[in-house]
Amino acid sequence: MEPISHLVKSSLPNYLSSLPIPDSVGGWFKLSFKDWLALIPPTVVVAGIGYTAYLAYCPAAKAICSAKTSGRCNNLIRKNEPKVVDMIDVEDIAEKAAFCRCWKTKNWPYCDGSHGEHNKQTGDNVGPIVIKK
C-alpha cells in the first residue's frame with residue numbers, strides 16, 4: 001500500500017507540477033519541441049479516459065460497438081422464422097444469378113450490391129454467391 005501512497009501523494013503531483021503548461025494562449029506558441037513531447041503522455045491519458053467514458057455512456061457508441069461485435073448476420077430478413085431457407089430451382093435461372101450472403105439486400109434472396117456498404121462498415125469482405133447455368 002505504501003507504493004500507491006507514494007505515487008498519489010508524491011510522484012504524481014511532482015510530475016504534474018513539472019509539466020510545461022503555459023499561463024496564456026500565446027505561451028503555447030513559445031513551447032519548445034521538448035516541451036511538446038513532455039505534454040504527449042498526459043494528453044494521451046486524458047484522451048483515453050474520455051474515449052472510454054464516451055463508449056461507456058454514449059448510446060450512439062454503444063449501438064455501433066454492439067452491432068459490430070454481436071456476431072449476428074441477419075438483422076432484418078424474415079425474423080419471425082426460426083431458420084431462413086430459400087429453395088431456387090436451377091432450371092428457373094436464365095444464364096446466371098447472384099444471391100446475397102450479407103443479409104443486407106432489399107431484394108432477398110438476390111444480391112443488390114448492399115454488401116459493398118456492409119464491407120465498408122464492418123471491414124468484412126463478403127460478396128454474393130453467383131450461380132451460372
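Every residue, even glycine, has its Cβ placed from backbone N, Cα and C.
Summarising the annotation, Swiss-Prot assigns topological domain 'Lumenal' to 1-35 and lists sequence analysis as the type of evidence. Annotated transmembrane segment per Swiss-Prot: 36-58, in sequence order, evidence recorded as sequence analysis. Swiss-Prot lists 59-133 with the feature topological domain 'Cytoplasmic'. Under the heading [2Fe-2S] cluster binding site, Swiss-Prot lists CYS100, CYS102, CYS111, HIS115, citing similarity to another entry as support.
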What else in the chain is close to the topological domain 'Lumenal' (1-35), if you only count residues 6 or more beyond its ends and a Cβ gap under 8 Å?
-> 42
Given the binding-site residues CYS100, CYS102, CYS111, HIS115, which one is most crowded in terms of C-beta atoms within 10 angstroms?
-> CYS100
Taking the centre of the Cβ atoms of CYS100, CYS102, CYS111, HIS115 as the [2Fe-2S] cluster site, the remaining residues of that chain with Cβ inside 8 Å are ALA98, PHE99, ARG101, TRP103, LYS104, THR105, ASP112, GLY113, SER114, HIS118, VAL126, GLY127, PRO128
Across the topological domain 'Cytoplasmic' (59-133), DSSP labelling yields 22 helix, 9 strand, 44 coil
Taking DSSP states H, G and I as helix and E and B as strand, how many residues of the topological domain 'Lumenal' (1-35) are helix, strand and coil?
-> 24 helix, 0 strand, 11 coil
